[in-house]
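Student: Dumping the structure here so I can ask a few things about it.
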Amino acid sequence: MSRLMYKAKCVLTVAFCAFVLLFIAYFTPMSVRYLEGFLPMSRCPQAPAEKLKLGNSIDASLDLWSRGDVQTCTDWGAPVIWDGMFDPDHYDQEHRKNHSSVSLTVFAVGRYLDAYLKAFLLSAERHFMEALPVTYYVFTDVPERVPDIHLGPGRSLKIVRVQRHSRWQDISMMRMRAIADAIESRIRHHSHYVFCFDVDQVFVGRFGSEALGDSVALLHAYYYHRPQSLYAYERNPRSRAYMETGDFYYHAAVFGGSWRTVKNMTETCYQTIMKDKENQVEALWHDESHLNKYLWIHKPSKVLSPEYCWDRNIGYRGDIHVVRLLWSEKKYGTLRVTELL
């Protein structure tokens with residue numbers, strides 16, 4: 001009897017360990033992210049076949065009902081741009097007719113320049129606003145190391161020297177002031193639109209004129225299927241970025257709009273960041289937390305789907321038909337240093 005009990009105990013122990021191992025293996029972050037993809041998004045609140053009330057805007061041509069699997073507009077009437085909703089040629093023709101021009105800002109400070117900038121710029125030449133004049137503004141502390149990139153017709157590159165801070169968090173937050181200053185001193189004189197990007201990503205598909213608007217935000221690829229209670233809003237009431245609720249969780253790796261709107265956006269975020277510093281508070285996700293607060297108060301006129309900034313580590317998602325901008329491999333262990341090198 002004791003031998004049988006011993007064998008039974010061994011079998012139960014093995015079975016329990018196998019269950020625990022299977023549970024851990026199944027519910028890895030990748031598995032959880034895969035399961036999140038089955039959580040339904042909200043749907044566009046417009047009546048079936050109804051167009052957005054956008055006046056003479058080019059966006060009035062958007063087909064909101066071509067994508068029944070995702071949310072194609074917001075509660076306040078802004079479109080959410082997904083593949084299949086727009087005619088790329090129509091957008092390009094209309095923006096060329098309107099003589100639209102775009103400035104792209106990107107920060108490449110410290111080791112980030114050598115690690116990412118060349119690939120970012122080369123891919124932008126292939127895929128970013130191909131039909132329109134584009135000026136690249138590279139903000140860096142080492143102008144002499146900016147790579148010499150062959151640019152196409154109507155494209156130019158300008159270098160803006162910035163101070164290098166000892167902490168990457170400060171670099172991230174202080175870019176808001178640098179962008180606002182560049183818009184006031186340079187960009188507003190020759191560009192209608194401004195797009196701001198993180199450097200550690202590459203364009204892999206069309207990122208075109210359909211993305212232009214007065215105020216443009218991006219759905220964060222890691223949050224767009226999650227319930228709002230799991231959004232990474234700033235929860236410290238002492239911070240100016242504090243939010244109890246919101247609309248979406250936006251990714252600060254991509255934002256843009258008209259030069260006036262982006263100037264106001266970046267100036268406001270800089271001011272709230274500095275208020276936090278005066279109160280010895282730092283938002284959990286730094287400038288992204290402040291950007292989310294701004295976009296909750298000042299609703300964007302256009303929202304980009306996660307196609308416009310995707311991470312393949314998320315795994316398969318049936319609603320991602322194309323990828324336009326892709327996260328590069330993160331090298332934070334070697335790039336995010338606490339001391340100047």
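Cβ from N, Cα, C; glycine included.
The following feature annotations were taken from TrEMBL:
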- E288: active site, nucleophile (ACT_SITE)
- F107, A108, V109, Y112, D198, V199, D200: UDP-N-acetyl-alpha-D-galactosamine binding site (BINDING)
- D198, D200: Mn(2+) binding site (BINDING)
Student: Suppose we draw a 10 Å sphere around the Cβ of Y112 (UDP-N-acetyl-alpha-D-galactosamine binding site). How many other Cβ atoms does it contain, all chains included?
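Tutor: Step by step: centre on the Cβ of Y112 (UDP-N-acetyl-alpha-D-galactosamine binding site), count other Cβ atoms within 10 Å, giving 21.
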Student: For UDP-N-acetyl-alpha-D-galactosamine, with binders F107, A108, V109, Y112, D198, V199, D200, what's the maximum Cα separation in whole Å?
Tutor: 11
Student: Quick check: with F107, A108, V109, Y112, D198, V199, D200 left out, which same-chain residues have Cβ atoms within 8 Å of the centroid of the UDP-N-acetyl-alpha-D-galactosamine site Cβ atoms?
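Tutor: Once F107, A108, V109, Y112, D198, V199, D200 are set aside, the remaining close residues are V106, L113, Y116, L117, F120.
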Student: When a 10 Å sphere is centred on the Cβ of D200 (UDP-N-acetyl-alpha-D-galactosamine binding site), how many other Cβ atoms does it contain?
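Tutor: Its Cβ shell of radius 10 Å holds 21 other Cβ atoms.
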Student: In whole Å, how far is the residue listed as 'active site, nucleophile' from D200 (UDP-N-acetyl-alpha-D-galactosamine binding site) when you measure between their Cα atoms?
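Tutor: Pair distance, Cα basis, whole Å: 16 Å.
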Student: Give the residue from the binding-site residues A108, V109 that has the most other Cβ atoms within 10 Å of its Cβ, counting over every protein chain displayed.
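Tutor: Selected residue: A108.
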